[in-house]
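J.: The structure's right below; bear with me while I get my questions together.
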């Protein structure tokens with residue numbers, strides 16, 4: 001599962017403000033996608049999808065895995 | 001029973017001769033009430049000419065993103081505003097991915113790179129990676145690295161790559177609507193060199209790119225002419241930021257019609273479920289396809305998106321009494 005981050009300010013799929021409405025489709029899509037944006041700083045992350053799991057690296061906030 | 005299915009029963013099931021373009025189109029245009037019969041016939045064809053085994057494969061992206069080509073469906077093109085960033089997989093992680101794949105019972109592991117064609121750095125990475133996998137993992141290695149030169153084809157054979165994937169993606173008449181940075185003919189030329197080298201040819205495409213039903217039939221006929229060892233069948237998963245990002249997904253029944261039609265066009269090929277099946281078909285449709293002509297699956301995740309857990313597919317195969325093809329059967 002996705003690592004729990006302290007401040008989910010940004011949607012990790014679309015990179016927009018996570019507190020705004022309209023992210024239901026992002027949540028559905030995320031069941032079949034890795035995160036693309038850091039939820040803390042909105043930077044695009046370097047994401048490697050593997051046959052089992054994925055890793056995502058934010059240059060500022062480090063690596064998360066799922 | 002529609003006339004086309006009677007014809008297919010004699011010609012494809014009986015004689016092992018695939019339907020031509022007109023026949024494929026007739027199957028693609030069958031009304032919903034005849035879809036179960038088409039799927040059953042396609043399943044019978046698969047069982048007769050391929051057998052009950054299912055070939056299981058895992059794939060991994062060795063080089064992700066930053067591709068100079070403009071394939072309109074692809075989130076890895078550097079020409080679109082996709083959130084996918086460029087990243088390389090190191091050799092130890094590549095070997096670990098092969099081990100994870102082998103643990104599922106898969107006999108195939110395909111190494112993929114988002115490139116127009118491989119450069120020296122990528123070929124070096126491939127040489128080291130394939131050697132490392134072969135030293136540690138009992139699995140067949142395939143590759144998908146874009147368009148190749150003859151020298152690169154020869155190098156891949158020398159490395160022990162046994163199958164090469166290069167999708168035509170769609171039919172010749174629709175291809176310029178999907179890709180403008182290279183031609184369908186350039187892809188065909190790579191496929192010709194791969195075939196002549198003795199490597200197995202893996203060539204399929206994506207349905208739902210905006211092609212007409214007639215163009216879908218054209219594509220099946222062109223693949224049948226190529227006669228690939230394997231045909232991976234993808235369904236468009238619209239990716240944010242790509243030119244096709246707002247296209248609707250293929251309707252489930254149309255996807256199943258296509259599976260049956262492609263099987264009836266190519267009775268002996270390995271017809272593989274690839275990307276997009278989760279959103280196009282769901283769990284129930286996945287089962288219908290496996291009982292409608294599909295005889296291979298990609299398990300686990302894809303290149304930039306996630307699949308359903310490998311165990312879900314393996315449990316389904318077990319339930320359907322479809323044995324996973326053993327490695328010994330592929331050598």
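Heads up, residue numbers simply count up from 1 along the chain you see.
Just so you know, glycine gets a Cβ as well, placed from its N, Cα and C.
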J.: So TrEMBL lists B:110, B:202 for [2Fe-2S] cluster; which of B:272, B:277, B:287 goes with them?
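T.: For the [2Fe-2S] cluster site that includes B:110, B:202, TrEMBL also lists B:272.
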J.: Near the Cβ of residue B:110 ([2Fe-2S] cluster binding site), how many other Cβ atoms are there if near means within 10 Å?
T.: 23
J.: Considering every residue in the domain 'Radical SAM core' (B:52-277), what is the mean pLDDT value?
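T.: A mean pLDDT of 97 is what the predicted model shows over the domain 'Radical SAM core' (B:52-277).
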J.: State the Cα to Cα distance, in Å, between residue B:110 ([2Fe-2S] cluster binding site) and residue B:67 ([4Fe-4S] cluster binding site), rounded to an integer.
T.: 18
J.: For the [2Fe-2S] cluster site (B:110, B:202, B:272), what does the 8 A shell look like? I mean other same-chain residues with CB within 8 A of the CB centroid.
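T.: After dropping the recorded site residues, what remains is B:57, B:59, B:108, B:142, B:144, B:163, B:165, B:204, B:230, B:232, B:270, B:274, B:296, B:298.
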J.: Near the [4Fe-4S] cluster site, what residues other than B:67, B:71, B:74 in the same chain have a C-beta no further than 8 Å from the centroid of the listed C-beta atoms?
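T.: Near the [4Fe-4S] cluster site, the remaining chain residues are B:69, B:70, B:73, B:75, B:76, B:77, B:114.
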J.: Please list, in sequence order, the residues in the chain of residue B:67 ([4Fe-4S] cluster binding site) that are at least six apart in sequence and whose C-beta is under 8 Å away from its C-beta.
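T.: Counting only residues 6 or more apart in sequence, the Cβ neighbours of residue B:67 ([4Fe-4S] cluster binding site) under 8 Å are B:74, B:76, B:77, B:78, B:114, B:115, B:116.
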J.: Tell me the Cβ contacts of residue B:272 ([2Fe-2S] cluster binding site) under 8 Å, same chain only and six or more apart in sequence, or just say none.
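T.: For residue B:272 ([2Fe-2S] cluster binding site), the qualifying residues are B:55, B:57, B:204, B:230, B:231, B:232, B:233, B:294, B:295, B:296, B:297, B:298.
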